[in-house]
Structure formats: structure tokens, C-alpha cells
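Chemist: I'd like to ask some things about the structure below.
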Amino acid sequence: MKHLALATGCLLATQAVAETPVLNVYTYESFTSEWGPGPQIEAGFEAQCGCDVVFTGVGDGAALLSRVRLEGARSEADVVVGLDTALMARARATGLFAPTEASAEYDLPIPWEDPDFVPFDWGYFAFVGEAGAEHPTSFEALAASDLSIVIQDPRSSTPGLGLLMWVKAAYGDRASEIWEGLADNILTVTPGWSEAYGLFLDGEADLVLSYTTSPAYHIIAEGDDSKVALPFEEGHYMQVEIAGRLAASDQPELAEQFLQYLLGAEAQGVLPETNWMYPVVLPEGGLAEGFQQIVTPDKALLLEAGEADALREEALAEWRAALAR
Amino acid sequence: MARGAGALSRGAGLAGAALVLAMLALPLAAILRAAGGGVRPGPADLSALWFTLEQASLSAVLSVALAVPVARALARRRFAGRRLFITLTGAPFLLPVAVAVMGLLAVFGARGWLNAAAGTLGLGPWRIYGLHGVVLAHVFFNLPLAVRILLQGWQAIPAERFRLAATLGLPPGQVFRLLEGPMLRQAVPGALAAIFAICLGSFSVALILGGGPAATTLELAIYQAFLFDSDLGRAAVLALMQAGLVAGAAVLSLWLTRMDGSGSGLDRASQRRDAPGGWRRGADALWLVLAGLFVVLPLVALVLKGLPGLADLPARTWPAVGNSLVVSLGCAALTVTLAGALSAPMARWAEGVGLMPLALSSLVLGTGIFLILNPVMPPARAALPVTLLVNVLMALPFCLRVLAPAWARAEADHGRLADQLGLRGLSRLRWLILPRIRGPLGFAAGIAAALSMGDLGVITLFGTEDRETLPLLMYRLMGAYRTEAAWGAALVLLGLSFGIFWVFDRMGGRDA
């Protein structure tokens, strides 16, 4: 009898919860952390949807896609937030994502047309260094200098892969030569962004691969304007972070509403100072003062998703060959 | 050695071995099944294999070679703070890898203390990045482990033997040939194999300090195959290659290891009054000072870096500390039980099985378990139990290395007496074994608890809704530009790992 009572209790409890629909959102770790945009976006959407938003944080963007693939159609996830343009072709190829109607008037430096994914924030990759020093203004000048740089491994980190694509987009067939020139500048290669940025902050290297928006964090959150991003003549490769909904979701309408919410003024207003990236829709009053002070590249580079994916193997082999010496 | 290993012991050993093998084989089988077979490794995988072998061999040989003089000095000298010295130098092994690397860089890095000191003398700068940096870091991590294993060997030589040697006036060379040499022949292969196996799984250290893709290890290739290429077949083949290397090392070390030849003593704590004086005293002191500085300076650097960040720690640090403590204590209890079960039969097969978890990385295990759980339940809900399970498997080889010899020794030295008294089953465990393995038991529990505390492990793979552990919190702080607070969290983690190890080790009482 006791067991029966217990079982009934559990059943009732489950039903009570089931009255409020649950929207499961998978994202990368730093999005859902206390300092990321997750908590505010969760509260904001819950206030209007009458649902319970549950964020699950998984590693970084690449780990996130791998997780969704592993779970396949059984996945509990309704929405995935935090893949990027480098992963987009592979994400689409899984066939797990459903088309979305969500859209907005994007303030992106490139036109955006995609049936399956919406962009929610973006940034330019850049080398970040200390203000006041004489800095190189191109990859070639960097390679000729004796500055030390820390980069991330393109086999385990999205910024690392971004740099690979940046060199490829800017130099094409000359990419190998550029990497050979950079080889003696590269102090070391880290598995992820945080290790590299940590090494830079510790003074181990002169420059670190990060984003043009990184200095905005130091200005706004720490009142420290000693970090600057280096503008490069070749232009800067973009990372556009994207979100999509899963075809197997049991909450397709909520998922669609959530994607639209992500593009709305409220969520877009949260992103710059929590994710330290540019919003895809500029807020009416413009961005915070700290974002006005930072470098804005003249030229945006971005390979089309399919092309980027096709080039990845070759670019990786070039990178490995040039640096493995 | 079959004497004393009754039916109960054999049963416990068999059950333990079956459990361990199942927990290793099932995840791997799940990956192979999901992949639909393996894929031939490419040239990049083969060069990763060579680098992995190179760095692991160098690291193992150097760690053990340096451990010999340090362990001998510790074994034959008595000085104030010796106990503290042994405990403190064990700390690197217990540290989360990313934290320890930052500590090393604060000392050996481009702007580290060593280069600063060298700079004032007009020397340097020395570059830590490269194969030598990887080996340096691995020696930093594993020297304490090697010292502990060898020190146990020294302390297992009955004190009466040394006294006899001293009475006969044997010179140190003869003492080495007759007493220390045979012990080393037995202890060294095990230490080499353990450290070789640990270093095989190196990933962050090898990449960060290795300076680039030339320092690609198999583990990084596995990581890439899983997370970046979602290529399960290649990941599984690479994991099998890694497992093969570890199994080879384990077999080699078991083959090289001779059985205990030091004979039985009177079960007294070693009180060495026979240690050689003269220049050997100075040399011992020098070894201890050098080893102490090498291990302790990076820790001091970590403390100094962490202190300012303590004030910035978020409120959720404390629930994270609670979660980490639960995982850590659970891991200690389960690992010690499992290691005990595998020690009981005193058989090579049981010990061999207990070392097998070294062969599979937590990433492989985690992914396999994920694939098994996925059809049944959302894996994220099982994040903490799975973290616990993987931690138990990862800590088992170390605990077993400590526990199994002590168990066998207790049986060898006193088993006949216990047989005469008819002590069997649980009462034999209670009255014969436990009192004699208290020291190693406490040490083993401490290792398991601390390793588990510092491990970021599979929790990031499984994803978390809101239960976070301290290493995960630290990782999140770093990912959110909160570097200073992350250092604070690292310091808390260092204190907790070390504290919990110290408590268990103390509970074990006297001796190593």
C-alpha cells in the first residue's frame, strides 16, 4: 500500500508540473551561467509565455552540437541557442532542426537569409593586447614582429576555428605561408578561450585571439581601458551566433515564440553586457558607452556556411603542417 | 599467496572485477555500436600516438628517477615537519589540471619567478613551452605519487633488517644491494606503469605547455573526434589504441615486478638510527629542499593569486562546495570499498583489472554512459551520479596501488598467526587486515576524495541544469571574464582538496 501511495503521489506531482509547459533550451556553459544572458532571458520569457524555461548548459558551441547529435530525435531540447556560423552547415546536415519563421530587421554587416537558424548576437575575432604599445596592423606585420601570441586550438575551440577561417578568407591559397610566418610568434595553443585569455591576463603573451568586444568588458565591468583590440587591414572574420528549434520538439509553438523573443528588444538589450557580443538588432538608445570606445573594423569577412565547412579539413591540415615543425 | 584468501575474498574480488570490467566495456561497446564500427586512424592520429608515447615515457622515467633519492631521503631521515612535508608535496597530484598549470606558469612561465630571478642575473629568458614543458608539468604532478609509492616500499622493509645491516657495519652500497635494490626492483615498474598510464591521458597540459599541434596527444584527438567532428567511430578506435597502450604497460609492469622478497618483520614502525652520515646527510637534505621547492612554489603562487579573488566569490560558491563535497565523500567511500574488494583475493588478475580504468579517459567513459542512458532518461538528470561513477573509476587504480600491497603484506606477515586462531571472513578483515592497512586506507580515501573534488570531468559533457560543482563554477567564472574570482574559486578548491586529503590521511594514522 505504501508503494502504491508513493507512486500515486509521484504521478500527481508530475501532472501538477505538466500543467505548466516546459521549454527546454540547450546552450553553452557561459550563456547560462550567473553572469551570462541566460538568467535574464529566462525570467523575461517566462513573464510572457506562461511556461517554465529550463536552460541546460553544455561545454561550448561545438560540444553543444555534438550533444544534440548524440541525443538525436530523442533529445528533450526544444531550442538550441549558441551554435555559430562555423557549425551551421553541420548542424543543418543533422536534419534535426526545423525551419523557423522568427525574424527581425537585422543590424548585421552582412545580409542574413536562412530558413532554419536565426542570428542572436555576433562579434569580430581580433587580437587583443595592451593599450599604448605600437601594434601590427595585419597578419603579415604580426608575423614579421617578435610579439608573442596565444591562440586556441581549432580542433577543440570555436574561436580557434574562427582564426583558421579568418586566415583562409583573407589569404586563400596563401594561408599556409601566413601560418608559417606566424609559427614563431605563437607562444602556445590552448584547448579553449578561457585558458588563452587567462594566459594573456597573466602577462604570458603580448596578444591573445579574442573578440573586438573583449575590451568593452574591461571598460564597462572593471573601469579598465588598458586592453585594446588590434584593427587588421585584411578585415576581421565574423562570428555570428545562431539559434534554432528542433523538429522533434513537443513545444513547437513555444519554441517559435522563444526564437522571436530572442530577437526582440528585451533579449537583445541583455546580450551585449552579458555575452559581450554585439546584438543583431541595435537598441533604440544605441549601445553602452564602453562599446563606442572600442575598435570597429572597416571590413567584415565571413565565408558562406557550406564553403567554410568544405574548407575546414584543408585549412586544418595546413595549420597543422605549418605549426607542427 | 592463496593462503588466507578465502572464498569470501575471492568472491569479493570477482564481484569487484566484474563490476569494473562491465563499467569499462559497456560504455566502449555503446560507442562502437552507435558508430557502426571503427574507422582506420589517419596519419595525424599516428603522429599523435608517437607524441603521446614519447611524452608519457619521458615523464614516467624522469618522475621515478627523481623520486628514488627523494624517497630514500624521506625514508632514512627524521626531521621536524617531515610528516607535513610528505603531505604537502602530495598536493599537485590532487589539483585540478588547469589550476596546477597556472601555478606552474607563475613560477616557470615567460613572466614567472624563475625568469624574473634569471633576468636579474643576466640569464634567460627560458621558455617553458615545448616537450620539456610538458614533461616538467607531468613530473610536477607525478613526482609526489612516485615518492609515495617508493616510500611505502622503503617502509615495508622491516626495520630489523636495517638495524642488522648497521650492526654488521655494512656500507651504504651493500645496504642498497641487499635491501633497497630488491625493493626498488619490485616497486619501480609499478610506479613507472602508473605514471606512464596517467600521462597517456594528458590533454590540457600537453596542449597548453606543448606549444602547438606538434604536442597533440591521443586524448586531444579523441576529444576532437567526439566533440568537433562527432566522429564516434574514429573516437572509439583512438580510445582502443589508448587502452591498448595502458594494458601493455600494465602487463609489462606486472611481468617485471618480482614478488615481495623483504620477508616478515615484527610489525614495528621504522625507527631508523642507521642512516649514513657525512656528505650523504647533506645530499639527502639537498634533495628534499629541491623537491620541496619544486612542488611547493607553484602552490604558493596559486595561494597568492587566489587571495584577492576570495572577496569576489559569488554566493553560489557555497552550494557548489556542498555538491563537490558530496561527490568527493561518495567517491572516497565507494572507491575504497571497491579497491578493498579487489585487494582481498591478493591475485594479479584482480590488481590488473583494477588498473584498467587508467586506459579509458573520462571523456570516453562519459560519452559511452551518455549513449547508454539517452534512450532511458535525459542524461542531464544523471550528471552528478555519473560524475561520481566516473570519478570512482578514475581514482580506483591509485587507491588499489596503495591498498593492495599493504593488504598482501598484512596477510604475508600475520596470516599464518590468524590461520592458527581460525580468524576468517569479516572478523579476519576486522582484526587482521584493517588495523594493519589503516595508513594506506586513509591515504587511499584521501586520494579518491581529493581527485574527485578537483575533477571537472564529465559534468560539462552532460550539461547541468542548476547543480554545479566547484570546478564547474571556476570554469564558468573563467568563461565569463571573471578571472580574479576564478582564482579565488581555485584557491577554495585547492584548500578543500588538500584539506579533505589531509583529514583522511590523518585518520589513517602513522606512516605513509
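Backbone N, Cα and C atoms are what each Cβ position is placed from, and that goes for glycine too.
Here's the feature list from TrEMBL:
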- B:49-253: domain 'ABC transmembrane type-1' (DOMAIN)
- B:317-504: domain 'ABC transmembrane type-1' (DOMAIN)
- B:12-36: transmembrane segment (TRANSMEM)
- B:56-75: transmembrane segment (TRANSMEM)
- B:84-108: transmembrane segment (TRANSMEM)
- B:128-151: transmembrane segment (TRANSMEM)
- B:191-215: transmembrane segment (TRANSMEM)
- B:235-256: transmembrane segment (TRANSMEM)
- B:285-304: transmembrane segment (TRANSMEM)
- B:324-343: transmembrane segment (TRANSMEM)
- B:355-376: transmembrane segment (TRANSMEM)
- B:382-404: transmembrane segment (TRANSMEM)
- B:441-464: transmembrane segment (TRANSMEM)
- B:484-504: transmembrane segment (TRANSMEM)
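Are these features on the surface or tucked inside, and what touches them?
Modeler: Same-chain residues lying 6 or more positions outside the transmembrane segment (B:12-36) and placing a CB less than 8 Å from one of its CB atoms are 231-233, 235-236, 239-240, 243, 338, 340-342, 344-345, 347, 349-350, 353-354, 356-357, 359-360, 364-369, 371-372, 389, 393, 396.
Same-chain residues lying 6 or more positions outside the transmembrane segment (B:84-108) and placing a CB less than 8 Å from one of its CB atoms are 74, 114-115, 126, 128, 133, 136-137, 140-145, 147-148, 151, 204-205, 208-209, 288, 291-292, 295-299, 301-302, 304-305, 447, 450-451, 453-456, 471, 474-475, 490, 493-494, 497-498, 501-502, 505, 512.
Among residues of the same chain six or more beyond the transmembrane segment (B:235-256), those with a C-beta under 8 A of the stretch's C-beta atoms are 28, 31-32, 35, 38-41, 45, 49, 52-53, 185, 189-190, 192-194, 196-197, 200-201, 218-219, 221-222, 225-226, 348, 351-352, 355-356, 358-361, 364, 367.
Within its own chain, the transmembrane segment (B:382-404) is flanked in space by residues 20, 23-24, 145, 148-149, 152, 190, 194, 197, 323, 326-327, 330-331, 334-336, 338-340, 342-343, 346, 350-351, 354-358, 360, 362, 365-366, 369-370, 373, 437, 440-441, 443-445, 447-448, 451-452, 455, 457-459, 462-464, 467, 469, which lie at least six positions past its ends and keep a Cβ under 8 Å from the stretch.
With a threshold of 8 Å between CB atoms, the same-chain residues lying at least 6 positions outside the transmembrane segment (B:484-504) that come near it are 87, 90-91, 94-96, 99, 102, 299, 302-303, 305-314, 317, 321, 324-325, 328-329, 332, 442-443, 445-447, 449-450, 453-454, 470-471, 473-474, 477-478.
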Chemist: Given a Cβ distance threshold of under 8 angstroms, which distant residues of the chain, six or more beyond its ends, lie next to the transmembrane segment (B:56-75)?
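Modeler: For the transmembrane segment (B:56-75), the list is 82, 85-86, 131, 134-135, 138-139, 142-143, 145-147, 149-151, 153-155, 180, 184, 188, 191-193, 195-197, 199-200, 202, 270, 272, 283-285, 287-288, 291.
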Chemist: Can we call the transmembrane segment (B:191-215) and the transmembrane segment (B:355-376) in contact, meaning three or more C-beta pairs below 8 angstroms at a sequence separation of 6+?
Modeler: yes
Chemist: At a threshold of under 8 Å on Cβ distances, which of B:128-151, B:324-343, B:355-376 pairs most often with the transmembrane segment (B:285-304)?
Modeler: B:128-151
Chemist: For the transmembrane segment (B:128-151), what are the same-chain contacts with Cβ under 8 Å, counting residues 6+ beyond its ends?
Modeler: 54-56, 58-60, 62-64, 66-68, 70-72, 74-75, 86, 89-93, 95, 97, 100-101, 104-105, 108-110, 112, 184, 187-188, 190-191, 194-195, 198-199, 202, 205-206, 209-211, 215, 291, 294-295, 298, 398, 401-402, 443, 512
